[in-house]
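The next block holds one structure in the form of C-alpha cells; read it before the comments.
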Amino acid sequence: EQIAEFKEAFSLFDKDGDGTITTKELGTVMRSLGQNPTEAELQDMINEVDADGNGTIDFPEFLTMMARKMKDTDSEEEIREAFRVFDKDGNGYISAAELRHVMTNLGEKLTDEEVDEMIREADIDGDGQVNYEEFV
C-alpha cells in the first residue's frame, strides 16, 4: 500500500517517465507546491539520497528518502506549512476546490469523484472539508 503510494508520488516527480528524478523535475514539483528552491538547494536535496552518485534519484533512492522523512516525522511547522499550501483562502479548511487546485498544479488530473473521495477519506466530522486536525 505504502510502496504503491510512493510509486505514485515518484511518477508525479518523474515528468518524462524515464525512471529518474532530475533537479529540473524536482524543482518543477516544488515550485508547483509554492516553494522556491535555488538550483544549489535542489542539487543538495538530490545529493542527499543519490546513492550511486549519478546526479538523479531513481525509485529505490526515492524510497530511502521517503523512509528518512517518515522517520523524523515532519515537524509541526512543516505539517502546518503543507496545510497552508492546500488551504488557499486561509480559512482553516481545505475544500474540494482547493484540493483539486493543488493536485492539478502537481499535474494530477483528478475527476470530481476522486477529489470528493479524498476529502471523504480525511473528513472525520462530515462537514465536507478537511480541517487541520483531520489533515494531520
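A Cβ is built for glycine as well, from the same backbone N, Cα and C atoms used for every other residue.
Going by Swiss-Prot, these are the annotated features:
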BINDING   Asp14, Asp16, Asp18, Thr20, Glu25  Ca(2+) 1 binding site
BINDING   Asp50, Asp52, Asn54, Thr56, Glu61  Ca(2+) 2 binding site
BINDING   Asp87, Asp89, Asn91, Tyr93, Glu98  Ca(2+) 3 binding site
BINDING   Asp123, Asp125, Asp127, Gln129, Glu134  Ca(2+) 4 binding site
DOMAIN    1-36  domain 'EF-hand 1'
DOMAIN    37-72  domain 'EF-hand 2'
DOMAIN    74-109  domain 'EF-hand 3'
DOMAIN    110-136  domain 'EF-hand 4'
MOD_RES   Lys109  N6,N6,N6-trimethyllysine
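Structural mapping of features recorded in Swiss-Prot.
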| residue | record | CB count, 10 Å |
| --- | --- | --- |
| Asp14 | Ca(2+) 1 binding site | 21 |
| Glu25 | Ca(2+) 1 binding site | 20 |
| Asp52 | Ca(2+) 2 binding site | 10 |
| Asp87 | Ca(2+) 3 binding site | 22 |
| Asp89 | Ca(2+) 3 binding site | 10 |
| Tyr93 | Ca(2+) 3 binding site | 19 |
| Lys109 | N6,N6,N6-trimethyllysine | 9 |
| Asp123 | Ca(2+) 4 binding site | 18 |
| Asp127 | Ca(2+) 4 binding site | 11 |
| Gln129 | Ca(2+) 4 binding site | 20 |
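Long-range Cβ proximity for Glu134 (Ca(2+) 4 binding site), meaning a same-chain Cβ under 8 A and a gap of 6 or more residues, is found for Ala122, Asp123, Ile124, Asp125.
The Ca(2+) 4 site is defined by Asp123, Asp125, Asp127, Gln129, Glu134, and by the 8 Å test on Cβ atoms against their centroid, the other residues of the chain that qualify are Tyr93, Ile119, Ala122, Ile124, Gly126, Gly128, Val130, Asn131.
In terms of DSSP secondary structure, the domain 'EF-hand 2' (37-72) contains 24 helix, 2 strand, 10 coil. Panel annotation: around the domain 'EF-hand 2' (37-72), residues 3, 6-7, 9-10, 13, 19-23, 26-27, 30-31 of the same chain, lying at least six beyond its termini, place a Cβ under 8 Å from a Cβ of the stretch. Of the chain residues outside the Ca(2+) 1 site list Asp14, Asp16, Asp18, Thr20, Glu25, Phe13, Lys15, Gly17, Gly19, Ile21, Thr22, Thr56 have their Cβ within 8 Å of the site's Cβ mean position. Counting in whole angstrom, Asn54 (Ca(2+) 2 binding site) lies 10 from Thr20 (Ca(2+) 1 binding site) by their C-alpha atoms. Following the DSSP three-state reduction, the secondary structure of Glu98 (Ca(2+) 3 binding site) is helix. The average per-residue pLDDT of the prediction over the domain 'EF-hand 4' (110-136) is 89, rounded to a whole number.
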